[in-house]
Amino acid sequence: MSRKIVVGVTGASGAVLAFEALKLLEAMGVETRLVISRGAAYTIQHELGDDGMDRLCGMATTVYEPENMMAPIASGSSPGHGMIIVPCSMRTLSAVAYGLGDSLLTRAADVTLKERRPLVMVTREAPLHLGHLEAMEKVTRMGGIICPPVPPFYSMPETLEGMYTQIAARAVSTLGLERVAALKSWETP
Ligand SMILES: Cc1cc2nc3c(=O)[nH]c(=O)nc-3n(C[C@H](O)[C@H](O)[C@H](O)COP(=O)(O)O)c2cc1C
């Protein structure tokens, strides 16, 4: 069976990371099921341009509307190998922490947790208040992986694009599928 990963994109800053993650998953031959929150429409247009939404959707194997609760990824009976939410807003983090399932995206995350599949959340906000940290703790206790987009300064990326790739590669590698070829590992100089 081919590997299937749900990719959720929310309205946090960092839409370019969704693009990078989809590119890496495509290169790994992974089937991607994309769901973009309504809130992400603003950040995608602002950060990726007017064609950003089309470019993101064009990289996925299947695209679902966030209101489509009839989609296979709304059910644990549909086979899958995990989910990455990139970037992940504090709103979506909070919804997942409390099992809201109020959209296809948050429902798919809830399903991923209940089926004990890897759920990686690239949470982006700074600074963080106690509510954010408590939501992160709750998700972590439920088995989710909080993987903020922290730049790997030690890998000395020469371009911003190189930095985006490394941040996305770190998050994708956390899904535990296989080694992500683009990920630069630390080697003692
Ligand atoms: C330009 C812009 C940047 C934003 N950046 C962030 C962010 O980095 N983190 C965050 O939690 N919310 C951010 N927001 C707010 C979210 O988009 C907003 O809370 C939205 O309701 C999230 O909904 P969603 O989780 O369903 O996508 C940003 C909004 C805009 C317009």
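Residue positions begin at 1 at the first shown residue.
Any Cβ shown, glycine's included, is placed from N, Cα and C.
Together with GLY11, ALA12, SER13, SER37, SER89, MET90, ARG91, THR92, the FMN site in TrEMBL holds one more listed residue from ARG116, ARG117, ARG124, which is ARG124. Spacing of ARG91 (FMN binding site) relative to ARG170 (dimethylallyl phosphate binding site) is 23 Å (Cα to Cα, whole number). If you measure from the Cα atom of SER13 (FMN binding site) to that of ARG170 (dimethylallyl phosphate binding site), you get 18 Å. Here the C-alpha separation of TYR154 (dimethylallyl phosphate binding site) and SER89 (FMN binding site) works out to 26 Å.
Ranking the binding-site residues SER13, SER89 by other CB atoms within 10 A of the CB puts SER13 at the bottom. The FMN site is defined by GLY11, ALA12, SER13, SER37, SER89, MET90, ARG91, THR92, ARG124, and by the 8 Å test on Cβ atoms against their centroid, the other residues of the chain that qualify are THR10, GLY39, ALA40, THR43, PRO87, CYS88, LEU93, GLU125. For ARG170 (dimethylallyl phosphate binding site), the same-chain residues that are 6 or more apart in sequence and have a Cβ closer than 8 Å to its Cβ are CYS147, VAL150, PRO152, LEU183.
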